[in-house]
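Structure first, then comments.
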Ligand SMILES: [Cu+2]
């Protein structure tokens, strides 16, 4: 048994079961949300109307909640739990039980929210901006999802603390360190959304209070909303930094720099929510600009990441004898879906990041704010860079956890899936970016706007979006087919959980990077600096609050 | 912590680029007056129709201000008042808008006139209408079942 | 004939192993892409009213 574990480090079956539970929900969510997305693009092409009874905005709420909130959170929780189990050792019974309770809380909450959406009691989109008022059970459901995720987070924190106790003076395993950083960021960030849901929206929807402060609620939401996108991104970065080097047979460019970039994400992901509120009337322009500056700081760790990844690829290629400026590209294992799918994700993050810098550029946001450009943007970041990486992870992680293998046939299908995704997204996101620059709004059903000439210009782009959306849906069907194969039908065997080694093992990561009092202290200071005064301003100068509206 | 020479070059270049971006938008915002709409003024959303200037929606000539006209819009689910308005080409205009109910968007397609309308707040933006043509105003923040039908039209005429 | 050629290749290989010039070129291409797109939208902002 021990020689067996030496040979291939396996996640303990009990932790594997915990991870798989998360993945089942995530992939069911992918199917439902993907289906909703397909129907939306078809409606918006103007060529298709929804069967009686289903509202466009009901569908849009479902798409956003199920994919942006549920699918991502489940996948990330599952992945981080098994990554910690793999690198810091099997979870203790207490840790595992905590995570299971978290899983069930999240699941009860998800079902509650989903039922309210299906009953058309909560067509408020996944951002649920007041004073549109959903059914109280929708908010209860969201609260349970957050509370559940806190228990999963607690399990990861406990596992980290236990490892550090057993290994005093040692830097924690890189994947565990990264999972911890993302977990800490999540806990600090979700305080904002939990506050608005619990203290504002829930009492208001129950009729305990009559009015809600809209600007405060939005500010609390976006305090959470931006770190949310980094919560999605960091697990992809975990795979890019640690897993992909091992898959290609190379080394992690620098363990310490990888940790440093994660610390920078922890510090600068949160005090930046105003860059989603640049067009709002209630926030002073100077405070907006301050948060724009902080937003630009969070670009730096991504610049570091880009260098590290290219360097990993080049070093590997040159070790195989590649010459010339770009000869190393040829040495990369293009036929391996575990590499190719995340690699397409990395590429998509280049235009994704470029769009993000534009969005965050203060007054330049007027060009694109709430146009469908924004939808195009985050379908490159979260719905390509992140999701393709999650698919790439699944192609080895699911068989690893179920004791099966990724066969050659499935690998081929996975590559086809990735290529289809790239093509579909180029159509859909490209058309969204272009139409957005012309002024086409996001989150809107098909409309000719009374025959306006400008609105007519948008329609060809909307048809291109439907073409892209259809290709993407075919890719989703392939993903689900592969997932079911890997979970239930693939041949029994051992699939590796690849964990890379640093190129320079002699270089020990500085222990200051594990000083959480220091980093969390700075996090709190930065948040206080960026938010205290404008938040007090919002409350002190608040207009009369809003009663609830149900306008769908 | 060892940092490769090329990575230093890249990070210096990257950070310098970001600083240039920030300087350009900072100067444009703080010295040339291109701040994103941040009016800060509040209003009782239930009394919009009787509160100036929203008691007179539409284009109003003003005297003694930095701008020649005030263009006043009132939004409510699912329409804008006025539903159509003509603006003389070259006019310097302060666009003033608010909402009577939920959050709405206010975007004149193909222009920088893009702001959130939130209940209780007044949104403002000063601009010079220096291009003739028809500019469709769309609600670009979800406001309910008729969100995609919510629009107005600015005609910039000579 | 073949012998010196082979030598040369091994030499280049050793020399190239520590080189990150492709990485530097790649990140700078990325940087230029960021600049071009940003400037593009900035010009749109400047030209619109
Ligand atoms: Cu509206």
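Keep in mind that glycine also has a Cβ here, set from the backbone N, Cα and C atoms.
Caution: TrEMBL annotation is automatic and unverified by curators.
Since this is a predicted model, take the numbers as computed values, not measurements.
Copied from TrEMBL, the annotated features are:
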- A:17-488: domain 'Cytochrome oxidase subunit I profile' (DOMAIN)
- A:21-43: transmembrane segment (TRANSMEM)
- A:55-77: transmembrane segment (TRANSMEM)
- A:98-119: transmembrane segment (TRANSMEM)
- A:139-163: transmembrane segment (TRANSMEM)
- A:175-201: transmembrane segment (TRANSMEM)
- A:221-244: transmembrane segment (TRANSMEM)
- A:256-274: transmembrane segment (TRANSMEM)
- A:286-310: transmembrane segment (TRANSMEM)
- A:339-358: transmembrane segment (TRANSMEM)
- A:419-439: transmembrane segment (TRANSMEM)
- A:459-484: transmembrane segment (TRANSMEM)
- A:518-536: transmembrane segment (TRANSMEM)
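On the 0 to 100 pLDDT scale, the model's mean across the domain 'Cytochrome oxidase subunit I profile' (A:17-488) is 95. Contact between the transmembrane segment (A:518-536) and the transmembrane segment (A:256-274) is supported: at least 3 Cβ pairs lie under 8 Å, counting only residues 6 or more apart in sequence.
Stretch with the largest number of CB pairs closer than 8 A to the transmembrane segment (A:175-201), among A:21-43, A:139-163, A:419-439: A:139-163.
Cβ atoms under 8 Å from those of the transmembrane segment (A:286-310) belong to residues 226, 230, 237, 240-241, 244, 252-254, 257-258, 260-262, 264-265, 268-269, 271-275, 277-278, 346, 349, 353, 356-357, 360-362, 526, 530, 533-534 of the same chain, restricted to positions at least 6 beyond its ends. Outside the transmembrane segment (A:21-43) by six or more residues, the chain places 49-50, 56, 59-60, 62-63, 66-67, 70-72, 74-75, 77-79, 81, 100, 103, 107, 110, 394, 398, 401, 428, 445-446, 462, 465-466, 468-470, 472-473, 476, 479-480, 483, 487 with a CB less than 8 A from a CB of the stretch. Only pairs six or more apart in sequence are counted, and the transmembrane segment (A:339-358) with the transmembrane segment (A:221-244) gives three or more Cβ pairs under 8 Å, enough to call it a contact. For the transmembrane segment (A:98-119), the partner stretch with the highest count of Cβ pairs under 8 angstroms, out of A:55-77, A:139-163, A:221-244, A:459-484, is A:139-163. Within the same chain, residues 22-23, 25-27, 29-30, 32-34, 36-37, 39-40, 43, 99, 102-103, 106, 110, 113-114, 117-118, 120, 122-127, 142, 145, 149, 152, 182, 228, 231-232, 235, 382-383, 386, 390, 443, 445, 552 sit at least 6 positions outside the transmembrane segment (A:55-77) and bring their C-beta atoms closer than 8 Å to a C-beta of that stretch.
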